[in-house]
Amino acid sequence: MASRQISLALGFLAFLWAVLGAQNKTEEVQCRLMAKFNLSGYVDAKNHSLVIAGLFPIHSRIIPVDEAILEPVSPMCEGFNFRGFRWMKTMIHTIKEINERKDILPNHTLGYQIFDSCYTISKAMESSLVFLTGQEEFKPNFRNSTGSTLAALVGSGGSSLSVAASRILGLYYMPQVGYTSSCSILSDKFQFPSYLRVLPSDNLQSEAIVNLIKHFGWVWVGAIAADDDYGKYGVKTFKEKMESANLCVAFSETIPKVYSNEKMQKAVKAVKTSTAKVIVLYTSDIDLSLFVLEMIHHNITDRTWIATEAWITSALIAKPEYFPYFGGTIGFATPRSVIPGLKEFLYDVHPNKDPNDVLTIEFWQTAFNCTWPNSSVPYNVDHRVNMTGKEDRLYDMSDQLCTGEEKLEDLKNTYLDTSQLRITKQCKQAVYAIAHGLDHLSRCQEGQGPFGSNQQCAYIPTFDFWQLMYYMKEIKFKSHEDKWVILDDNGDLKNGHYDVLNWHLDDEGEISFVTVGRFNFRSTNFELVIPTNSTIFWNTESSRRPDSFCTQVCPPGTRKGIRQGQPICCFDCIPCADGYVSEKSGQRECDPCGEDDWSNAGKSKCVPKLVEFLAYGEALGFTLVILSIFGALVVLAVTVVYVIHRHTPLVKANDRELSFLIQMSLVITVLSSLLFIGKPCNWSCMARQITLALGFCLCLSSILGKTISLFFAYRISVSKTRLISMHPIFRKLIVLVCVVGEIGVCAAYLVLEPPRMFKNIEIQNVKIIFECNEGSVEFLCSIFGFDVLRALLCFLTTFVARQLPDNYYEGKCITFGMLVFFIVWISFVPAYLSTKGKFKVAVEIFAILASSYGLLGCLFLPKCFIILLRPKRNTDETVGGRVPTVDRSIQLTSASVSSELNSTTVSTVLDE
């Protein structure tokens, strides 16, 4: 029995040993942090129901780890940042202020756990892991190291740090509210679902910068960015907006996060060699500090810098000794504010309050350049390589001991400067945003909540992060300035403005940030306001606004000619073509002038075209008018002579009626040339051709009547036979038929397709030639074709009858008249076709006058000569001639011919 009990006891012990061994084995394989992170900061979580985490760049960098050490090491930090220290103190001050209020979280108090991010991604990620796990936990339990509920994070003090932290915290949907991270990628809710911020995105800042560039007329701007998310995405957005505005980025370089002489010199070279005099700097003050030293080292002073909100008010850059190089900097900053009670809270800091507060000790040592007694806290340490890249710069601890009696009132540093509380104000608003979200969550009424089908509520401290995010997305509250803080769907500040700041040097030799304008934004509406009376300091030799262009703006009269393979701001100025103008400077294309206008000599303005037509007032027109009137007077003079001597044998032998018709037609043709002179109009275009055609028709028809009479007379003299009588009525009938036929064709011409006036702008671009469009070419050719046919018949009949008796030379006169007529109009054709404008009209008038003068001279001047100067030859015996040589026995006088013809029924009558 005893042995049995012993066996059972041994078995139980074996079982217990196996179970405990298995448990120990399980614990050994549990996931845990491999080592503790070297983090510094502040914590106050005891006796508080909620804790807000904070990440602030209290230091500006980490100390490089010795590459010989193989084991992973959490690096130390260096480069105390007074600005980041003030932001951290502002968070603590705000939490204490909220805890004292009764209208926000009345039944709860807030604690905090704040870590120093050292402005380094690795430290931001270390801190994020600790926020989720604590340094001793095996897995995330959403409690900090004090055990209180972690609600949200304020931070992380830089875009790249916020991106890194949010990629970890976003996995658990932990709310993160940024106070200075403006990188546009953080607006992407797919990548960063739980990130919010109380400042606008860089999309708006880039929009503001481009508007500023456009306002000052700059088109060629350089860009330099930090080699991080803030710089890369900022410049990317800036370039896109510059391209949309048809502006150009001359160069784009980066400032290395870890000093690289090669990369830094590349950026410096771009600044020195580029023609761009305006440069945008997308970087933080910490990253910019070394670049500033490079600018000073290379003595680059003639540049205008456009600053972003990350460094525009930074005391690290805005030092009086930097003003010759960066004076006149212009840029954007979020609105500044006055925070009640903050200044007193900032002064309430002293190492004696907590001997273990290493950050306060380092602050004191750095501020007063002394060493705190019995402290091993280093300060003023800089392990970065200098600009030569060949040596380290290390500042040892001061031999002077701190007494503790030093007065903060004697300091002039960023920490105590409360005149430019811009990002500091945003730290306060970030804390309040979380507090208001928690307050809304705590006020949920059971059965009226937003969660689940039962409208459940979430409760403190058991809520989940995603439940708090529901309220954070809907956040809307009034700040301490009584201004609304509203976030949009991307978690960015929806409404607000940027101040436009300009760096001046005040009377005390310090840099002052002068507000010269503002950029208002409300949803998608933007407005840049810079009053004309704003006092802007420009760091140029002339103290005037600088120009920044690749190619100077093309003057009026030229257009931009894009250079192949170069930005659109680099171009050649090409003169506008004839007929095109550019009235403004910098036009891309020349504008065509209107139909009635033409470009001036400078191609800068459209001027009315010169109007050309054969005017009465010009020399050529006046000469032709004189010739026309003179010709008409000569014809009238001949008519007077004929009327006075109408009973003389010579006039009677020339058929007086037909002669008068010829004289009248010559007056018509000569005076019709006046219709070709002067500014054409529709009625004159129709009248000129019709009048000319009818005049020539009457003239040639009358001549044709005469030539037929001569032809019959010649046939009688040759054949000695009696022909059919040519009674005078038949000659008149020939004239009537020809004229009536011509009138019919002209009427059809005017009705169907009449000539019209039109403005010819094709022959000479600089002129508008007023001329007549002759309408139907077929009708016009038909009309004048009939005249040519009549002239040809006249010539043929008179040519046959040219051998009538010598003293009777009517046939010869008509023959010569027709020859002159043909010569003139045959010569007219090539001359007319080879001339343009008013000279073409002058050629036509000359042909009309020449042919009219030719007919007048050949038909009437010889007879007038006899009538007026040789009256003795104006007798029946003299006027009658001899029969041609083929039959000299036949004498043909006017009397004998008349007697002979009148004595028979078949005869040819030469006269009545």
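Each residue, glycine too, has its Cβ placed from N, Cα and C.
The signal peptide annotation in Swiss-Prot covers 1-21.
Taken together, the residues of the topological domain 'Extracellular' (22-623) have an average pLDDT of 88. As annotated by Swiss-Prot, topological domain 'Extracellular' applies to 22-623 (among others).
Swiss-Prot lists Asn24 (among others) with the feature N-linked glycosylation site.
Marked as N-linked glycosylation site by Swiss-Prot on the basis of sequence analysis: Asn38 (among others). Counting every protein chain shown, the number of other Cβ atoms lying within 10 Å of the Cβ of Asn38 (N-linked glycosylation site) is 14. Under DSSP, Asn38 (N-linked glycosylation site) is assigned to coil, being neither helix nor strand in the three-state scheme.
Within the same chain, no residue at least six positions away from Asn299 (N-linked glycosylation site) has a Cβ under 8 Å of its Cβ. The annotation N-linked glycosylation site is assigned in Swiss-Prot to Asn299 (among others).
Feature annotation from Swiss-Prot assigns N-linked glycosylation site to Asn386 (among others).
Long-range contacts of the transmembrane segment (624-644) within the same chain, counting only residues at least 6 positions beyond its ends with a Cβ under 8 Å from a Cβ of the stretch, are 614, 616, 651, 656, 659-660, 663-664, 666-667, 670-671, 673-674, 677, 842, 845-846, 849, 852-853, 856, 860-861, 864, 867-868. Annotated transmembrane segment per Swiss-Prot: 624-644 (among others), in sequence order.
Summarising the annotation, Swiss-Prot assigns topological domain 'Cytoplasmic' to 645-657 (among others) and lists sequence analysis as the type of evidence. Note: the topological domain 'Cytoplasmic' (645-657) comprises 7 helix, 0 strand, 6 coil (DSSP; helix = H, G, I, strand = E, B).
Sequence-distant contacts of the transmembrane segment (658-678) (same chain, at least 6 residues past either end, Cβ-Cβ under 8 Å): 613-616, 621, 624-625, 628-629, 631-632, 635-636, 638-639, 642, 651, 684, 687-688, 691-692, 694-699, 702-703, 705-706, 731, 735, 841, 844-845, 848-849, 851-852, 855-856, 859-860. What Swiss-Prot lists as transmembrane segment is 658-678 (among others), and the listing cites sequence analysis.
Taking DSSP states H, G and I as helix and E and B as strand, the topological domain 'Extracellular' (679-691) has 10 helix, 0 strand, 3 coil. Among the features that Swiss-Prot reports, topological domain 'Extracellular' is placed at 679-691 (among others), with the record citing sequence analysis.
Residues annotated as transmembrane segment in Swiss-Prot, with sequence analysis given as evidence: 692-712 (among others). Same-chain residues lying 6 or more positions outside the transmembrane segment (692-712) and placing a CB less than 8 Å from one of its CB atoms are 654-655, 658-659, 661-662, 664-666, 668-669, 672-673, 723, 726, 731-732, 734-735, 738-739, 742-743, 746, 783-784, 786-787, 790-791, 793-794, 797-798, 800-801, 804, 810-811, 814, 817-818, 848, 855, 859, 908, 910.
Residues annotated as topological domain 'Cytoplasmic' in Swiss-Prot, with sequence analysis given as evidence: 713-732 (among others).
Sequence annotations record features per position, and here Swiss-Prot assigns transmembrane segment to 733-753 (among others) based on sequence analysis. Sequence-distant contacts of the transmembrane segment (733-753) (same chain, six or more residues past either end, CB-CB distance under 8 Å): 658, 661, 686, 690, 693-694, 697-698, 700-702, 704-705, 708, 775-776, 779-780, 782-783, 786, 790.
Residues in the topological domain 'Extracellular' (754-778) partition by DSSP class (helix H, G, I; strand E, B; coil) as 2 helix, 12 strand, 11 coil. Here Swiss-Prot flags 754-778 (among others) as topological domain 'Extracellular'.
With a cut-off of 8 Å between Cβ atoms, the residues of this chain six or more beyond the transmembrane segment (779-799) that come close are 689, 693, 696-697, 700-701, 703-704, 707-708, 710-711, 738, 741-742, 745-746, 748-749, 752-753, 811-812, 814-815, 818-819, 821-822, 825. Residues or ranges marked as transmembrane segment by Swiss-Prot on the basis of sequence analysis: 779-799 (among others).
Per Swiss-Prot, the feature topological domain 'Cytoplasmic' maps to 800-812 (among others).
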Intrachain residues whose Cβ lies under 8 Å of the transmembrane segment (813-833), provided they are six or more past its termini: 703, 706-707, 710, 788, 791, 794-795, 798-799, 802, 840, 843-844, 847, 850-851, 854-855, 857-859, 862
Intrachain residues whose Cβ lies under 8 Å of the transmembrane segment (841-861), provided they are six or more past its termini: 613-614, 620, 624, 627-628, 631, 634-635, 638, 642, 659, 662-663, 666, 669-670, 672-673, 676-677, 692, 699, 703, 771, 813-814, 816-817, 820-821, 824-825, 827-828, 831-832, 835
Residues of the parent chain within Cβ reach of the topological domain 'Extracellular' (679-691), under 8 Å, 6 or more residues beyond its termini: 611, 613, 615, 668, 672, 746, 749-750, 754-757, 770-774, 780, 783
Residues from the same chain, set at least six apart from the ends of the topological domain 'Extracellular' (754-778), whose C-beta lies under 8 A from its own: 578-579, 595-596, 598, 609-613, 679-682, 684-686, 688-689, 836-838, 840-841
The topological domain 'Extracellular' (834-840) - residue tally per DSSP class, helix then strand then coil: 3 helix, 0 strand, 4 coil
